[in-house]
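Chemist: One structure, as structure tokens, below. Some questions next.
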Amino acid sequence: MYKFRSKDMSHVFTPIKLNLALHVVGQRADGYHLIESLVYFSLSGDYLHYEPCESDQFVLTGPFAKELISHPDNLVVRARDFMHKTFPEGAHPTFFRLVKTLPVASGIGGGSGDAAGVISILRQQWNLDCPFEKLAKMSLVLGADVPMCLFALEYHQPLLVKGIGQEIIQLKEACSLAIVLVNHGQEISTQAVFKALDKRHHPSLKIDPIALKSVDSLVEALQETRNDLFSPALKMAPQLTQVLSILDECGSLFSRMSGTGATCFGIFKNQQTAQQAALLIKSMHPNWFVKSIMTLGTI
């Protein structure tokens, strides 16, 4: 089993976010796109460690640290500064160490999960008297995926997310899924993908909550859904087709790109078959990011 939050919240494995379905249903006057998405999570992402200290410090390590260093807009630092600014009366200097194990700009919410980890840790460490839902809503300023990642850390459930990420519905009866993640190594800009959309008003996401209760019924229901961002992402990263084909060939029951890419996922019958597929794909493509995970679920 994956390690969840410790009781003293001094460290956390941050959420991996998976958009099993993602429909773009409109665009606001301010340019933000409106989405409807079925989102599953696994608490097996980056490792975030906290300690109190004399002055704010941040250390970045891990296999994908180099890629993140070149991104000046680090979400761990932004989330820390957000908490300092929002709760100055309870704030204290922090030391954070992030072990970056997830690819950067890969469509699985790595940075947003890191930000959510910072907020969750500091909410407890500073003993803040702020309702969770209010804090989650406030965190939207850090990015559309941050509130949903906070919900994953707090409630350990899949979600239905709407709007620009602020409308969150908990799915309290959903099975856990055995998933294999595959990323061929190309970063894809979220902004560029949305900008390249041919149209911004697609049909709404409709999925029967009963379908979430078993792997087979969920896979069947997903056949009637989409990721509307796949088409523009494919133009930027043609290798996505190969990644999806390999997942299918290795026994995936359903394969799709998550978010704006480039990470793709495959749903497998059980954890054992997922782990076997991950080993096979890694042996064929040793330079790819490949990871077998189990998602959060209540069944």
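The backbone N, Cα and C atoms fix where each Cβ goes, glycine too.
A quick note: this is a predicted structure, and the numbers were derived from the prediction, not measured.
Annotation comment: Swiss-Prot describes Lys17, Asp145 as active site, evidence class sequence analysis. The ATP binding site annotation in Swiss-Prot covers Pro103, Val104, Ala105, Ser106, Gly107, Ile108, Gly109, Gly110, Gly111, Ser112, Gly113, and the record cites sequence analysis as its basis.
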Chemist: Including all protein chains shown, what's the count of other C-beta atoms within 10 A of the C-beta of Pro103 (ATP binding site)?
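Modeler: Looking across every protein chain shown, the total is 24.
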Chemist: Give the three-state DSSP assignment (helix, strand or coil) for Ala105 (ATP binding site).
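Modeler: Going by the DSSP assignment, Ala105 (ATP binding site) belongs to neither helix nor strand, so it counts as coil.
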Chemist: In angstrom units, rounded to an integer, how far apart are the Cα atoms of Gly113 (ATP binding site) and Lys17 (active site)?
Modeler: 8
Chemist: Could you find out if DSSP has Lys17 (active site) as helix, strand or coil?
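Modeler: DSSP assigns Lys17 (active site) to strand.
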Chemist: Relative to the Cβ position of Gly111 (ATP binding site), how many further Cβ atoms are located within 10 Å?
Modeler: 28
Chemist: Within the same chain, and leaving aside Pro103, Val104, Ala105, Ser106, Gly107, Ile108, Gly109, Gly110, Gly111, Ser112, Gly113, name every residue whose CB is within 8 angstroms of the centroid of the CB atoms belonging to the recorded ATP site, in sequence order.
Modeler: Lys17, Leu102, Gly259, Thr263
Chemist: Between Lys17 (active site) and Gly109 (ATP binding site), find the distance joining the two CA atoms and give it rounded to the nearest Å.
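Modeler: The Cα atom of Lys17 (active site) is 5 Å away from the Cα atom of Gly109 (ATP binding site).
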